[in-house]
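Per Swiss-Prot, the features are:
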- 1-18: region 'Required for interaction with MAPK1' (REGION)
- 23-30, 71-75, 134-137: GTP binding site (BINDING)
- 217-273: domain 'J' (DOMAIN)
Amino acid sequence: MEANMPKRKEPGRSLRIKVISMGNAEVGKSCIIKRYCEKRFVSKYLATIGIDYGVTKVHVRDREIKVNIFDMAGHPFFYEVRNEFYKDTQGVILVYDVGQKDSFDALDAWLAEMKQELGPHGNMENIIFVVCANKIDCTKHRCVDESEGRLWAESKGFLYFETSAQTGEGINEMFQTFYISIVDLCENGGKRPTTNSSASFTKEQADAIRRIRNSKDSWDMLGVKPGASRDEVNKAYRKLAVLLHPDKCVAPGSEDAFKAVVNARTALLKNIK
């Protein structure tokens, strides 16, 4: 009789992980963590001094996860403090303020700082990164749109979420996906799962969208010199049209970039005899 009874499923073994937050001062790193861990929002800004440390427990599938969170100060003054905390990290919460373009532009510098501190033997490919486009509740002041932020994140194989520490929007979903990805990382021998490491578009497509977005005029948008001939304009247009056509390119912002290229070509050809 006992031999035919269903076996009780053994609970998954516990797991300890290290998570750090990165990003400029005042982007809301601490507020995001407090919103998730303490279910509250602190409206008064209190700058993080050096490092804030906290521990929380979560459950992913059948495993208990003990999360050690190191909330790192974003001010350059605290570099000598935070540079000791990059190593042995499984997950990074990379935060910028959608109303502060400089905080978005600084993301590359934060990655460079981490890479430098990990040294030649450090491998950032085996760390789960989640990008939080924070303060989306401040719609009037937004200057970094979703497609721009998502393009940057996904081109690097990072997770991307739109969040508001004030309202709580996107916070729980972000952390749940983040922790699941870290558990998958640990269960995959410390290697980032393929689904999280490869973008569904090319670097050439991502670079073209960024260039078009930041171009100063129609000539610059098509990548031709002012005064270019009709044939040169059409040749440049065809190359970009093939690269970015919405039917073949799924990169965030590709549809807007394609429309901008079409409009740029039309505007230039009107003035070329």
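Note: Cβ is positioned from N, Cα and C throughout, glycine not excepted.
What you are looking at is a predicted structure, and each value in this text was computed from that prediction instead of being measured.
Mapped onto this structure are the features recorded in Swiss-Prot.
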| residue | record | DSSP (3 states) |
| --- | --- | --- |
| GLY23 | GTP binding site | coil |
| LYS29 | GTP binding site | helix |
| MET72 | GTP binding site | strand |
| ILE136 | GTP binding site | coil |
Q.
If you count other C-beta atoms within 10 angstroms, which of the binding-site residues LYS29, HIS75 is the most crowded?
A. LYS29
Q. Using DSSP, how many residues in the domain 'J' (217-273) fall into helix, strand and coil?
A. 37 helix, 0 strand, 20 coil
